[in-house]
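Asker: Please see the structure below; I have some questions.
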Amino acid sequence: MVPKVHAGMEVENMAKNSEDCGGKSVVKGAKMRYFVEKLKRFPKIVWKTMWKVGKEDPRRVIHALKVGLSLTLVSLLYLMEPLFDGIGSNAIWAVMTVVVVLEFTAGATLCKGLNRGLGTLIAGSLAFFVEYIATETGRVFRAVFIGTAVFLIGGLSTYLRFFPYIKKNFDYGVVIFMLTFNLITVSSYRVDNVLKIAHERFYTIAIGCGICLLMSLLVFPNWSGEDLHNNTVFKLECIAKSIEVCVNEYFNDAVLVEETDDDDDDKSAEEDLIYKGFKAVLDSKSIDETMALHASWEPRHSRHCYRYPWQHYVKLGGVLRQFGYTVVALHGCLQTEIQTPKSVRVLFKDPCVRVSKEVSKALIELATSIKNRRHCSPEILSDHLHEALQDLNTAIKSQPRLFLGSDKGGSATNNMLALAAAHAASAGKRTPRGSDQQHKQHHFLSNNSHLSSVKTDSSALMEWKTKGGDQNNRSQHKMLRPQLSKIAITSLEFSEALPFAAFASLLVETVAKLDIVIEEVEELGRLACFAEYKDDIDESSVTLNVNVVQNQLPSHGAD
């Protein structure tokens, strides 16, 4: 009997093992199929990504072709025998120069190219001076002198990189200076014809820089100044769209009875539009500073202005970021936990929507003036904005109870602490923590029975908070605090109107900060010698831009 039992167990184990092996093989087969499907989709994904990147900015495709052509030209120094015989193996430095110097914009290429050329020239001259002094001494003293020179020049150059002006404008040049100086000086100790090598290296670097500059300046040039100029216009348009979309979304929620899939799609489109505007403005600090630096290396962009004020674009970008923070806070009012009832929001819809439209219209006018390089309209802040603000102020004053509350709120607040204590006590009874814990809760509530008495004002609340002297009181105090905060919020009648009060104050704040933006744009126009404003041209262009922006906004329900 026993062998039969063991035989049955072995059969069962073999069956289980076969099932496990079968399950593992199924899993491996599924993974293999998933991997094969992923490989099949990979070329399509790569092609879509390449198409998307090129479609966003066609200049990227042109820049890639320019880099390929430049590398082909410098490769001729190696491929053609006459050129290789004249330059030698140092021709590889021309290829390296094209790779590291040729940038997307002409300003960036000029910055890196001139830094590289200037650093190489100064380093070579100083290395020859050191070599001249070292050759006049013995071999031992020569080694000591070269080591000392490398230490001093390397330390001093590294320290200079911490200077703000040097770091901002010539950091790459200092790095090239240290590299070239050390290569020439150290190699001169073992190589006799170092002067010839330095000459050939300098020539090849100059050839590489020359090809880069010709490609950047003459073949479909991309200007950093133009990018900074257009980016500033784009940020103003994004803020204008974000403000109008925020206000429309805030009040359109008040008239929607039921949400459908189309409503969800509209909201997602609105969120994308708002967040794109935020990202374009708030994440622009480093981009603006880099483009302004590269634009300062480019030739003059205006024959009317000797020194174009690129740094003022950076200053205007800082003002727009401060404006953007207010818009972000305005958008945050749409996502607060406590919302003003729809019936209350409708009362203030018309003046708020008008204010947002006038602010958006003013920002579009500023964007148009910068885009066309002319001063903005003297009547950019129209009377309609002032009338909308007055109507909003009148509407708020006409509903004082919504913001000041009533006497009913006091009676609800008087019982707040008693309700909190009772709720915590019942919660403690439901928690199975043993008789010891229940005894502690009973002891705490008996010692604090005055919470349900007449002392339920703010002084009683402060007294109750300071009663937790021992460990038992402190643990129970932690249990009561979250419930107290919830009851305190929900018991205040005027808390329903507070979200709208915050929303309205932020909307008025955008009007106040609009004045600062207008001042900075006017200062930019004065420094950049913008053209004067003309009524017959600008009115039509502003109307066209406003219509374009409104058409790009997602459609909403009826006002």
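Placement of Cβ uses the backbone N, Cα and C atoms for every residue, glycine included.
All annotation found in TrEMBL is predicted automatically rather than curated by experts.
What TrEMBL lists as transmembrane segment is 61-79, 91-111, 118-134, 140-160, 172-190, 202-220. Sequence annotations record features per position, and here TrEMBL assigns region 'Disordered' to 423-448.
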Asker: Under an 8 Å Cβ to Cβ limit, what residues of the same chain, 6 or more beyond the ends of the transmembrane segment (61-79), are close to it?
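Answerer: Sequence-remote neighbours of the transmembrane segment (61-79) are 54, 87, 91-92, 94-95, 97-99, 102, 104, 204, 207-208, 211-212, 215-216, 219-220, 222.
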Asker: I'm a bit unsure how to read this: which one of 91-111, 118-134, 172-190, 202-220 has the highest number of Cβ pairs shorter than 8 Å with the transmembrane segment (140-160)?
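Answerer: The listed stretch sharing the most Cβ pairs with the transmembrane segment (140-160) is 172-190.
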Asker: With a Cβ cut-off under 8 Å, give me the same-chain residues at least six positions beyond the ends of the transmembrane segment (202-220) that come close to it.
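Answerer: Hits for the transmembrane segment (202-220): 59, 62, 66, 69-70, 73-74, 77, 87, 90-98, 101-103, 105-106, 109-110, 113-114, 116-117, 120-121, 124.
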